[in-house]
């Protein structure tokens, strides 16, 4: 059965046999008027006998057809309204009415009197039951209603209708199967066929799949097609016992064999094996389902009459296949090869799963073209249909096959370019096809967002494509095409209003209510006026909302998502579809953007200095006292130079940052540590390592509870804005600038901000679920309030107000006017929780967060930031929380006589892998200046271990700028461990490091 979405510009096409009108061509469209049709042998005015070429079928006057199914004598059409239409022969009552009797038996008279229809006939008997799916066999049909019931009608001479009896009478009136079926007489478990997910008709038997993933068969059982050993016929649905514990995702039925896709990623086949269609390497029948073990990670199964196709995400063991193709996604075929049906280039029968080259590209390419031609209304219909699929089915059978083909394009491009490891040659000649598939993936991504992101967003990122494309070129193309402008400008307008409004303190109840009302919408569907709480500065940032269409607050929430590329549009850069790029790829784009901005600002400063008769760099270039006097705010300097005293990092740094304009903050950062009296500069030259230590120290002091700007929540180990802070908003803006500087300069810091902070930073409203990430106990308590089955008012004794502590005293804020005298009860508790959450995460800290976000985006602004989801921004700022030291070991390099097999190196990794987490972090801090893993993990850090002479009493040292450990060749593991731990525990400052 083939399904497709249609509208006025897309039709259903058919070819082949049309002697019963099954392709929908009228008598006057015979050979004289239809170039694709040949007249029937009788010479009558009946339907053309054969349609020799692909022809558009004249169907339903433009009504949207959602599904089509075909058999030897009939075609079934299912509309968007759930109505079923039939074409062809009604001898078996498939039109839902009795067949007309034929009085004359001559060929011409029979053709004229036969109950045929080449115009679509509505099956009126199913009108009370809108359908979701349909399948037709040789002389019977199955349909699944939108309520999940299975209907059958037509010929029942082998019990293929599942009605509990076998008879020669035609069942022209569709019957609903409401009974249960058991796997065998010994099994007490029952699974009602109500909730059937799919139904298929074979020649004289039927196959059904329940919503719980259990497979049923009924009808003729020759060759073991029922899947139950020794069962030759079953007029009632019987459960297939061999699939009892597998969990079936998809079913397919051939003429006398069946196939099923298990949740474990393997395909199972049973029934007739005469032509090798079961794929087990033989031509024997199988009475019970047998796993095709040679192909794993199967995404879809398809059956013809006497052959089978599998679509797998990677090739099987080469020992069990005739193909040596190494692509990561393949179609495999086995069975009867007559007319080239298996696509293997031969008409021979094949009992083995053989690779079908190019089949996946043809099928997905056709699907892509069809989808891209949909208009807006048809596209919305498609999104809704996709959103109704089970998440595991949607991921395995829809998303992953597209991703697999994209991966093939990327790997083939790397192979053809002969690029060395780490190179990014681009997609080459496959770029056009890859962009088409990317647009198809855009539609699938939008459907997933609309359904509430039940499939993880990581399913839509393609690591192979991200590692192949030239990210620099993608970014430039994105800017030059202007595709970034609309979301960027929308965000700037909203940001300007949000930050200007934040300087006037609103009432708490107004802020809470406004934040609560925004929490159930995705940012893509909000207008700029609705995003009043976006705390970002004008002209320096962008939001991820317009691209990612996030849906928060519980599943779909009724929000409507649209693809990033509108119908009829085109994709010029993969930056237009940021979900396709990995977080690592996006961080590389952000670094490229920062480097370009730095070059631009440095060039402007150098030109300004030359115009004033000074060397490039201004006074800083003169050196000595003049350089020191220039300070961080010198507009002619070629870098942002911060000179801070040990023990006074926060005081010195904030003083210098205050004097900097927006352009100075964009310059390359250079940090110099001074002695406590400021007289002596430390030896370290900032090539990255000094900056990393500077940010760790500075952020630790700024976010300290002792400073009073942030609260420390012990149970979540997170920092949050203090609603009672006495610090000015300028101080919060400086904190945002510091975090922005770290992100802009590629430095990972341990900020301990919860995920809702990054959600708000990207212009999205937090919701009740986010509260659990900051205050888990409070979230559980409020959830108990929502779930409580009893007298809420007298049990909880709460009013519409919130309490918080300010300098040791309790402060109370009303969540709405008169809230202190309004008790919380069963009717208003949901509203109370909504307002309470909104005040804690938004309203109570609105001014502080707006200033903080303004500072962050003042530095880390630009279109590249709009590519990120808020979860990815957290990784960008704070890195990965877990430490994979085995990955660090795998990516390490060695110099000076060391190698991976050297005794000292073996001892080093033996010590490091055994360290507790805190000491592993200390080692990373010692070697790299940062105790967090980068976005790509520790394997991407490329630690360099260099021999620092023979055995001695010297301690190990490190060049943090270059991630280099200088390690003497100690004589024993114990000595190495003792010296290394001493160095780690006494490593502050750049005299030791």
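Glycine is no exception: its Cβ is also placed from the backbone N, Cα and C atoms.
Here is what TrEMBL records for this protein:
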- 961: active site, glycyl thioester intermediate (ACT_SITE)
- 499-527: compositional bias 'Low complexity' (COMPBIAS)
- 661-993: domain 'HECT' (DOMAIN)
- 177-197: region 'Disordered' (REGION)
- 499-552: region 'Disordered' (REGION)
- 10-81: repeat 'RCC1' (REPEAT)
- 82-147: repeat 'RCC1' (REPEAT)
- 148-212: repeat 'RCC1' (REPEAT)
- 213-264: repeat 'RCC1' (REPEAT)
- 265-314: repeat 'RCC1' (REPEAT)
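Note: the repeat 'RCC1' (213-264) comprises 6 helix, 25 strand, 21 coil (DSSP; helix = H, G, I, strand = E, B). Taking all protein chains in view, 18 other C-beta atoms sit within 10 angstroms of the C-beta of the residue listed as 'active site, glycyl thioester intermediate'. Looking only at the repeat 'RCC1' (265-314), the predicted model's pLDDT averages out at 88. Taken residue by residue, the repeat 'RCC1' (265-314) breaks down under DSSP into 0 helix, 23 strand, 27 coil.
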